[in-house]
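Everything below concerns the one structure shown next.
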Amino acid sequence: MTTLTITRPDDWHVHLRDGEVLKDTVRDISRYNGRALIMPNTVPPVTNTEMALAYRDRILKEQHGEQFEPLMALYLTDNTTPEEIRAAKATGKIVAAKLYPAGATTNSDSGVTDAKNIYHVLEAMEEVGMLLLVHGEVTHHHVDIFDREKEFLDTVLAPIVNDFPNLKIVLEHITTADAAQFVNNASDNVAATITAHHLLFNRNHMLVGGIKPHFYCLPILKRNTHQQALIEAATSGSKKFFLGTDSAPHAKGAKESACGCAGSYTAHAALELYAEVFEKEGKLENLEAFASFNGPDFYGIARNADTVTLEKSAWDVPESMPFGNDIVVPIRANEQIEWKVK
């Protein structure tokens with residue numbers, strides 16, 4: 001196969017940051033996506049409706065594709081109120097709220113300290129039909145970083161799923177076979193996003209032959225058996241899994257340092273990277289559902305009406321890309337990607 005035409009995709013989990021870098025991050029995400037769900041862990045975090053709408057306006061000023069629509073999310077804190085959830089839902093532009101366990105990832109210090117603290121908020125979300133997005137890691141110091149997702153499933157997510165059976169929940173950027181199994185075994189109200197980099201790489205890519213800081217992300221890359229479980233889930237055709245890049249840019253110097261930031265940048269070539277994975281598995285026929293159908297279907301939003309075409313045409317990824325007044329090193333820098341969006 002040399003070309004593949006699919007319904008225009010969406011990215012259900014992306015970080016655009018804010019300020020001067022938006023012109024670059026929005027350029028990449030709006031190039032062929034119909035919609036993207038914008039993560040709210042900016043500085044300061046997007047904790048209320050007014051902030052979310054203002055952030056949306058800043059994004060729209062930089063968009064490059066007329067078809068592109070940013071979908072917004074609120075950042076949940078211990079102080080979020082049910083009234084804020086209702087106000088956000090009423091806008092029609094804020095489609096979800098994000099649970100970051102405090103300290104779990106970049107700019108998450110204002111996150112939720114205990115899920116029980118927001119049960120009254122989850123009740124309001126269940127009532128109005130707002131989705132809950134979850135960064136699925138515990139932050140207890142005694143839990144090994146490679147075990148944080150599994151521990152979260154058992155101690156935090158399972159009780160939420162049980163206590164709020166009508167709440168739609170997306171377990172974001174899953175990284176383990178345990179998470180894939182949890183989602184498969186849960187009700188149809190539980191789904192998951194999977195990143196391109198967790199499908200393409202495992203912890204050996206990050207650690208063998210020297211530390212590769214641009215592979216460092218949270219949740220951290222796991223062993224190859226977990227990687228294979230993610231590949232099987234993503235390419236299976238199951239409606240429970242869909243595209244969410246978790247593309248998370250940091251300036252080159254913030255990654256290549258003694259205490260580097262977590263996040264991998266894939267928005268420059270996300271669909272192309274996923275296409276490589278699906279082709280290698282002999283499952284290209286399932287890429288459209290993963291990239292273009294399952295996400296909007298789960299969110300209760302119409303699928304995009306137009307299409308994009310991928311062609312089998314290798315191209316060179318640049319060594320770096322503009323990032324405001326700095327540069328970002330994209331995944332597969334100085335290497336080739338086999339597919340290209342026409």
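Using N, Cα and C of the backbone, Cβ positions are placed for all residues, glycine too.
A simple way to gauge crowding: the CB of His15 (Zn(2+) 1 binding site) has 24 other CB atoms within 10 angstroms, across all the protein chains here. According to Swiss-Prot, the feature Zn(2+) 1 binding site maps to His13, His15, Lys98, Asp246.
With a 10 A radius on its CB, Leu16 (substrate binding site) counts 25 other CB atoms from all the protein chains. If you look up Swiss-Prot, you'll see His15, Leu16, Arg17, Asn41, His135, Leu218, His250, Ala262 marked as substrate binding site, on the strength of sequence analysis.
Annotated Zn(2+) 2 binding site per Swiss-Prot: Lys98, His135, His173, in sequence order, evidence recorded as sequence analysis. Less than 8 angstroms from the CB of Lys98 (Zn(2+) 1 binding site) sit Met39, Pro40, Asn41, Ala73, Leu74, Tyr75, Leu76, Leu133, Val134, His135, each of them six or more residues away in the same chain.
If you look up Swiss-Prot, you'll see Lys98 marked as N6-carboxylysine, on the strength of sequence analysis.
Asp246 (Zn(2+) 1 binding site): 28 other CB atoms within 10 A of its CB, across all protein chains. As annotated by Swiss-Prot, active site applies to Asp246.
Look at the Cβ of each of the binding-site residues Leu218, Ala262 and count the other Cβ atoms within 10 Å; the largest number goes with Leu218. By the criterion of other Cβ atoms within 10 Å of the residue's own Cβ, the least surrounded of the binding-site residues Arg17, His173 is Arg17. The Cβ of His250 (substrate binding site) has Gly260, Cys261, Gly263, Tyr265, Val328 as same-chain neighbours under 8 Å, each 6 or more residues away in sequence.
Within 10 Å of the Cα of Leu218 (substrate binding site), the following binding-site residues from the list His13, His15, His173 place their own Cα: His173.
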